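Visitor: Please read through the structure below; I'll follow up with questions.
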Amino acid sequence: MPDILTASQMRALETAAFNSGAVTGLELMERAGQSVIDALFSSKAELATGEHRAVILCGPGNNGGDGFVIARLLFVLGWQVRVYLYADPEKMPRDAHANHDSWVDLVPECTQRISFPSVLPAEAERFGDEAFGNGEVDVIVDALFGIGLNRPLSGLHPILATCHANRHEAYFVAVDVPSGLGENGPLEAADWSVFPADLTVTFHRPKQAHQNGLSFCGKIMVQYIGL
């Protein structure tokens with residue numbers, strides 16, 4: 001197996017694991033979410049105890065499903081958590097939809113929908129005010145898009161620009177790969193079109209996208225989830 005995986009190679013590994021019965025999609029998503037929290041606490045030990053506040057950005061696919069697992073697990077640990085959902089939950093993949101429902105059932109008042117595919121300026125302003133306005137957010141998690149993204153995120157520009165404008169107000173964590181970073185590098189020329197990660201938590205092996213976008217990834221931690 002190569003030391004660095006492409007998106008298609010990683011998906012093939014996951015499919016083989018599912019087909020063999022070694023793990024289900026829900027189990028793998030739970031492991032991924034827990035591994036992000038483990039990496040976060042390893043990287044920022046002061047966050048492992050006490051009360052903290054996280055904002056989770058969840059996208060329309062399985063990366064978003066990982067985000068809902070992270071939200072739920074942090075909430076159970078006593079964190080204040082708010083989720084911004086950039087998706088129609090009814091169109092999410094089955095396992096991601098199941099984790100969306102688990103989160104909403106647990107904390108129905110802590111999820112904010114934002115327009116998909118194009119975020120409205122007023123929504124981005126509200127996101128900025130709620131996420132950064134009081135200066136108390138500790139962690140912003142990017143669970144919008146994972147590996148294999150091949151199109152610019154023009155509809156998300158207002159959110160990405162807000163994150164960059166508040167770059168030093170929180171610890172920014174990307175799940176698998178910073179959103180806006182494709183396999184061959186950034187999908188757009190502007191630096192602010194890629195989520196500004198301090199920590200990127202990826203699974204099983206480093207990915208080609210990381211190698212072609214190291215300056216956007218911050219610290220890269222590889223977590224093993226049983227594939």
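Placed from the backbone N, Cα and C atoms, the Cβ positions cover glycine too.
The shown structure was predicted, so the numbers you read here are calculated from the model rather than taken from an experiment.
Grabbed the feature section from Swiss-Prot, which reads as follows:
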BINDING   ASN62, ASN63, GLY64, GLY65, ASP66, GLY146, ILE147, GLY148, LEU149, ASN150, ARG151, PRO152, ASP176  (6S)-NADPHX binding site
BINDING   ASN63, ASP142, SER179  K(+) binding site
DOMAIN    10-227  domain 'YjeF N-terminal'
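What's the neighbourhood like for these features in this structure?
Guide: Around the Cβ of ILE147 ((6S)-NADPHX binding site), 23 further Cβ atoms fall within 10 Å across all displayed protein chains.
Counting Cβ atoms from all protein chains shown, ASP142 (K(+) binding site) has 29 others lying within 10 Å of its own Cβ.
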Visitor: Quick one: of ASN62, GLY64, LEU149, ARG151, ASP176, which binding-site residues lie within 10 angstroms of ASP142 (K(+) binding site), measuring between C-alpha atoms? Sequence order, please.
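Guide: Neighbours among binding-site residues, in sequence order: GLY64, ASP176.
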Visitor: In DSSP terms, helix, strand or coil for ASP142 (K(+) binding site)?
Guide: strand
